[in-house]
Structures are given as C-alpha cells and as structure tokens.
Amino acid sequence: MLALGKLLDLTLAGREPTEKIQLTADGTRLHWLAEGALEVTPIGARDNGVDLLLSAGIHGNETAPIELLERLVRKLASGELKPAARVLFLLGNPEAIRRGERFVEQDMNRLFNGRHEEGSGNEAFRAAELERLAQVFFSRGERDRLHYDLHTAIRGSRIEQFALYPWAEGREHSRAELARLRDAGIEAVLLQNKPGITFSAYTYGQLGAEAFTLELGKARPFGQNQQVNLERLERRLEMLIDGSEERPDGAHLDGLKLFSVSREVIKHSDHFRLHLDDDVANFTELSPGYLLAEDIGGTRWVVDEVGARIIFPNPRVKNGLRAGILVVPAKL
C-alpha cells in the first residue's frame, strides 16, 4: 500500500509525508495537500464527472467517521477500490483529533461562512483552510459536487443516524439526494430553513455542492466504535467512489423521516436553564405546554408545537449560541 494511504497515521503523528504525490499501479493519483487533506484523482478514462468531498473529525473526539474515511483511503491506496470520482478527504481538526477532544479552543463547526474571520486561534485558522481546500476542489466546472461532513453526537439519539440538509436562497432540496441518504442507512433528515455556519452550510451555500452533515451515532474513542454500524453508508460511499451506484430518482422517499426547524433555543446569559435531563436523547418528543428553558429577563421557551422534538440540547454553550433546536415533522 502507498504511504499516503496512512493519512490518519500521518495526521496523528503531525508529520508531512516525504512524497506528497503518489500513483497506484493503475494510475490513480494521491496528492497530500495539507495536514489531514488528501485528494484522489482517477485516471482520465474512468473519470465520471463527480467531485466528492468527505470530511470527518471537525470535532476531534468523533472517531467512528474518521475510522470510516481511513478504511476508504487505505482501499484506494492499495488499489482495492478504483475511483471513478475525484475525492477529497479532509480530517478537519488535527490537533483535537490528536488530543481526543471535541475541540481545542472553540467549536470549529460554528466557524464557517465567514465566522472564522471574527475569531482567532487554531480552529479559526483551520476553518479558513478547510474552506480554501473545498473551494479549490469544487472549482472545476460542469461537474457534480457532493459533500458529506461526517459526525457522531455527544449524546444518544432516538433516531441514531440522521442528516442535516442546509438551506440557501433560491435552492431546492433534492429528492434524489434524500433517497440516496435513505439508501445509505440514514433514517431521518432535518431540512434547515436559514443560512448556517457549519462546514456543510458553507459548501452548500457558497460552492454550489449538494452538502449534508451526517450524524452517525454516539461519539466514542478510537477502537471503541463496534456499536456504530456504518456498513450501509460505507458501501454507498464505495459505490459513489467507484461509479457503480445506481442513483435513485427520488420519486419515493418511503422509510425516510423528514423534519424542519421550528425554533432555536438561544442561551442569552449565565442564568439560562434548560429543563431537560443531562442525558436526554436527541429527537426526544416534547408535549405542548412543556417549559423547555428559561433565561434572564423572564424569557421562557414553552413548547406549543404538536409533534415537537428536541435535538442538540446543550446548556453549556457560550452565551449567544444555540442551546437546542425544536424540530417538527415535515413534508417535501
């Protein structure tokens, strides 16, 4: 196997490879672009016009997606997987990955779409670098652009594997992409309704890619992800890479749950109180009339939506940031 196939080992060691460009026996090109960044280019005769960006490790302790990308990289470097798509692999937050921590100074997945310009430190610099790498990768015209940003969650979930589909002015959510997610094992999709500051929101809104944040289970350390079943997703990614996928038309979305954002719960002060157990699972249902949260000045969040569920509850975020999202069932 080519040395560049050990992308995770290089990243964990903080080393640059001696050879930054290597070719497999059949001519597939591997190019180390920066720390944790590897571009894979198929031979011209096999190129099917798809540009696929796969990112993981934006939060350094979310290891199952990192291990998944490592398996794909090794298969490509050994020649076991022969690409028809161009692929860019990005391990998002190398220093946090080395430490086994969610982040070092600040949550990187809230630093995109220009937010990094307002900050400083390692994560802000890296977010800007990831934007640049994605922009260059998606700069070729007349190609299909797809980005999956892979995560695992801090907490458990009533719906274990789900996706967040960004929003941008003038763009419609793709039924074909939703069907592709369902076929990859994704059980539910949250359709967002305003611009975001995540990595997938950037590639969707600014670079014209179909882009998704995928939540794939609960975060665990390296080597302890046996309970995170990514077999369907891994097989779908392999088919996307080697061009063997039969793309669904999206006429039917049976088996896929759709949700939309009803409200975001914003923490305004240190007096903020979220009236949920610390271990409450994502997609826990909340009844109308339930007092969800309180904050300074008599601010109260009372559930008035039918079928409401909570995702990403986190009362420990900094003031001014989102401490949870209320979602409701949706149709496309």
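Glycine too: its Cβ is placed from the backbone N, Cα and C atoms.
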With HIS59, GLU62 listed by Swiss-Prot as Zn(2+)-binding, which of these, HIS31, HIS116, HIS147, HIS151, is given for the same site?
HIS151
Starting from the Cβ of HIS59 (Zn(2+) binding site), draw a 10 Å sphere and report how many other Cβ atoms land inside it.
23
Cβ-based neighbourhood (8 Å from the centroid) of the Zn(2+) site, residues HIS59, GLU62, HIS151 excluded:
ALA56, GLY57, ILE58, GLY60, ASN61, PRO65, ARG102, ASN109, LEU150, THR152, ALA153, ALA219
Sorry to bug you, but what's the C-alpha spacing from GLU215 (active site) to GLU62 (Zn(2+) binding site), rounded to the closest Å?
10
What are the non-local neighbours of GLU215 (active site), defined as same-chain residues 6+ apart in sequence with CB under 8 A from its CB?
HIS151, THR152, ALA153, SER157, GLN161, PHE162, ALA163, LEU164, ASN282
